[in-house]
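**Student:** Checked TrEMBL, it gives:
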| type | residues | note |
| --- | --- | --- |
| BINDING | G14, S15, N16 | N(1)-(5-phospho-beta-D-ribosyl)glycinamide binding site |
| BINDING | R70, M95, R96, I97, L98, N110 | (6R)-10-formyltetrahydrofolate binding site |
| ACT_SITE | H112 | active site, proton donor |
| SITE | D148 | site 'Raises pKa of active site His' |
Amino acid sequence: MVIKKIAVLFSGSGSNLEAILEKVHAKVFNGVLIEVALLITNKSDAFGIQRAKNFGLDTLVVNHKDFKSREDFDARLVKEITNANIDLTVLAGFMRILTPVFTDQILAINLHPSILPLFKGANAINDSYNSDMALGGVSVHYVSSELDAGKIIKQRAFEREKDMSLKEWEAKIHSIEHEILPEVIVEILTK
Ligand code: GRF
């Protein structure tokens, strides 16, 4: 049996982490066993830590504030990921800008709540909702040193319904995220 190990990095609620744990972790796809082997957060109060505990998994807290520079923080992440023999790193709501220290050494994918290249940055849900776009959506892309700009792997769009509220827009985005991110992980690791 081939075993592929993933690391998941998150900063907050961790609903996407939970989707990965439910749909992908410790499951076999096409003869490949996918294992969430490393969890890292930069926030000691991230709710995702609790979600992981419910699956019997511990999360390593690496607080970016404990490091002198972005590069020093990234070097620590690289060390943890390399030591754990990770095949694919997944950024699931990991709200840190990464430098080439990380992006040149680690194969990673990121989840973004818009149809890239539209609405890059941390306010994509609000920005896309407040735009004239009749479509919203989600992207999964490879991580590069340019923010939200690496090669796009998969996107899924939805139509704006009449009088859709921001809350409904956001809920639709999250429900698509919970499908598309596990799908991409399986696709990459079983290729
Ligand atoms: C998601 O909307 C993701 O696209 C963005 O951050 C959010 C994380 O949500 N980058 P969660 O922590 O997985 O619930």
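Cβ atoms here come from the backbone N, Cα and C positions, even for glycine.
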**Student:** Which recorded positions are spatial neighbours of N110 ((6R)-10-formyltetrahydrofolate binding site) here, meaning Cα within 10 Å, out of G14, S15, N16, D148?
**Tutor:** D148
**Student:** Any idea what the Cα distance is from M95 ((6R)-10-formyltetrahydrofolate binding site) over to S15 (N(1)-(5-phospho-beta-D-ribosyl)glycinamide binding site), rounded to a whole Å?
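**Tutor:** With the alpha carbons as reference points, the distance is 14 Å.
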**Student:** Reported as an integer number of Å, what is the Cα distance between R96 ((6R)-10-formyltetrahydrofolate binding site) and D148 (site 'Raises pKa of active site His')?
**Tutor:** 11
**Student:** List the Cα distance (Å, whole number) between G14 (N(1)-(5-phospho-beta-D-ribosyl)glycinamide binding site) and R70 ((6R)-10-formyltetrahydrofolate binding site).
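**Tutor:** Checking the Cα atoms of G14 (N(1)-(5-phospho-beta-D-ribosyl)glycinamide binding site) and R70 ((6R)-10-formyltetrahydrofolate binding site) gives a distance of 23 Å.
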**Student:** Can you tell me which of these binding-site residues sit near ligand 1, meaning the Cβ is under 6 Å from at least one of its atoms: G14, S15, N16, M95, L98, N110?
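**Tutor:** Going through G14, S15, N16, M95, L98, N110 in sequence order, those close to ligand 1 turn out to be G14, S15, N16.
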**Student:** Max Cα distance spanning R70, M95, R96, I97, L98, N110 ((6R)-10-formyltetrahydrofolate binders), Å?
**Tutor:** 18
**Student:** Taking 10 A as the limit, how many CB atoms besides its own sit near the CB of N110 ((6R)-10-formyltetrahydrofolate binding site)?
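**Tutor:** Excluding its own Cβ, the number within 10 Å is 25.
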**Student:** For I97 ((6R)-10-formyltetrahydrofolate binding site), what is the secondary structure by DSSP, using just helix, strand and coil?
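**Tutor:** Going by the DSSP assignment, I97 ((6R)-10-formyltetrahydrofolate binding site) belongs to neither helix nor strand, so it counts as coil.
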**Student:** Return the count of C-beta atoms lying within 10 angstroms of the C-beta of G14 (N(1)-(5-phospho-beta-D-ribosyl)glycinamide binding site), excluding that atom itself.
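**Tutor:** Around G14 (N(1)-(5-phospho-beta-D-ribosyl)glycinamide binding site), other Cβ atoms within 10 Å: 24.
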**Student:** CA-CA, which of the recorded positions R70, I97, L98, H112, D148 lies nearest S15 (N(1)-(5-phospho-beta-D-ribosyl)glycinamide binding site)?
**Tutor:** H112
**Student:** Please classify the secondary structure at G14 (N(1)-(5-phospho-beta-D-ribosyl)glycinamide binding site) using three-state DSSP.
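**Tutor:** Reduced to three states, the DSSP call for G14 (N(1)-(5-phospho-beta-D-ribosyl)glycinamide binding site) is coil.
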**Student:** Using a 10 Å radius around its CB, how many other CB atoms surround N16 (N(1)-(5-phospho-beta-D-ribosyl)glycinamide binding site)?
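**Tutor:** For N16 (N(1)-(5-phospho-beta-D-ribosyl)glycinamide binding site), the count of other Cβ atoms within 10 Å is 25.
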